[in-house]
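Below: one structure, written as structure tokens.
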């Protein structure tokens with residue numbers, strides 16, 4: 001068994017702390033759990049030991065304004081910071097991104113709290129990426145989630161989920177319905193009959209994938225892209241094809257439905273960081289694209305030179321805050337650099353890394369987008385190089401039968 005994780009819960013309401021203690025009790029043999037209800041107790045705890053997670057409400061008597069959160073951030077730079085509050089939701093969590101990595105709305109269930117902590121510990125390298133955190137915190141207008149996403153999220157939290165209700169919600173958005181139906185009818189999904197209703201699409205895609213599609217399609221069709229120095233439509237199409245090819249690769253390796261759909265979703269979202277950076281750092285990103293065209297270096301190298309961080313780091317951080325599956329977050333984080341992976345097995349990240357390159361090879365890509373080069377050494381060292389030809393044949397065959405999914 002690995003080293004016990006240290007977790008600190010902070011709340012001046014002792015009743016709330018008692019409730020948290022009861023909720024977290026199933027993990028008391030695996031985690032060292034501490035509690036603090038006063039400013040003095042918080043300060044003492046923060047000085048006593050390093051914590052893996054510190055979870056707190058916004059404020060506490062004895063700390064002015066955001067001083068409590070700043071104190072935690074300063075004294076425990078290696079801790080993942082949670083805000084647990086009645087007033088936090090997916091609508092407003094991004095305004096607190098400078099203070100915290102994860103957000104939980106009160107009340108929550110024991111299972112939800114424990115799973116959120118487990119997931120955060122698995123994504124620690126993403127959350128503690130200070131470059132990405134500062135980038136996200138400095139952006140004045142971060143992407144917003146569409147109303148349809150929030151409606152779906154509420155439906156999926158119900159105990160009795162009705163596919164017909166989910167299909168009805170999707171059907172209320174005509175353009176979203178058209179985009180999703182076009183996608184599932186692509187040859188990459190290998191269906192024998194045409195899908196004509198949102199309800200059927202829901203059963204084929206899976207609910208988490210559907211939520212991600214709704215968000216991704218919303219972002220790639222958002223306004224405010226007037227200053228972008230490349231085609232948003234091309235970027236969205238590239239992400240769709242990358243996701244579809246990565247899904248085919250995973251399925252060819254025996255991946256089950258959940259893994260295949262997580263792979264598709266990660267591929268579809270893998271360049272969301274580009275979208276964020278190109279709209280929020282418009283002038284700098286024009287310079288980055290100019291360097292890519294003229295010097296022939298990779299876009300992530302140019303991003304690091306000009307901004308100090310990459311679209312992969314920012315995209316993964318944003319998806320982690322939004323609560324996406326860790327397979328999706330890790331794949332986005334590692335899609336240019338497989339050496340960051342915690343495993344050498346076939347995974348969404350490996351499939352997306354390869355599919356990203358295949359898309360540049362199999363389709364005409366815009367000149368401003370430098371080719372995505374394969375990490376040949378990593379792939380060779382971990383036994384994937386002999387598989388590349390077969391994977392390429394699978395994707396090329398499906399591409400030949402495709403009539404366009406954008």
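Each position is counted from 1, following the chain as shown.
Any Cβ shown, glycine's included, is placed from N, Cα and C.
All TrEMBL annotations are machine predictions without curation.
Per TrEMBL, domain 'Response regulatory' is recorded for 6-121. Annotated 4-aspartylphosphate per TrEMBL: 57, in sequence order. What TrEMBL records for 142-338 is domain 'HDOD'.
The Cβ neighbour count for residue 57 (4-aspartylphosphate), using a 10 Å radius and every protein chain shown, is 21. Per DSSP, the secondary structure of the domain 'Response regulatory' (6-121) breaks down as 49 helix, 25 strand, 42 coil.
In this model, the domain 'HDOD' (142-338) carries an average pLDDT of 84.
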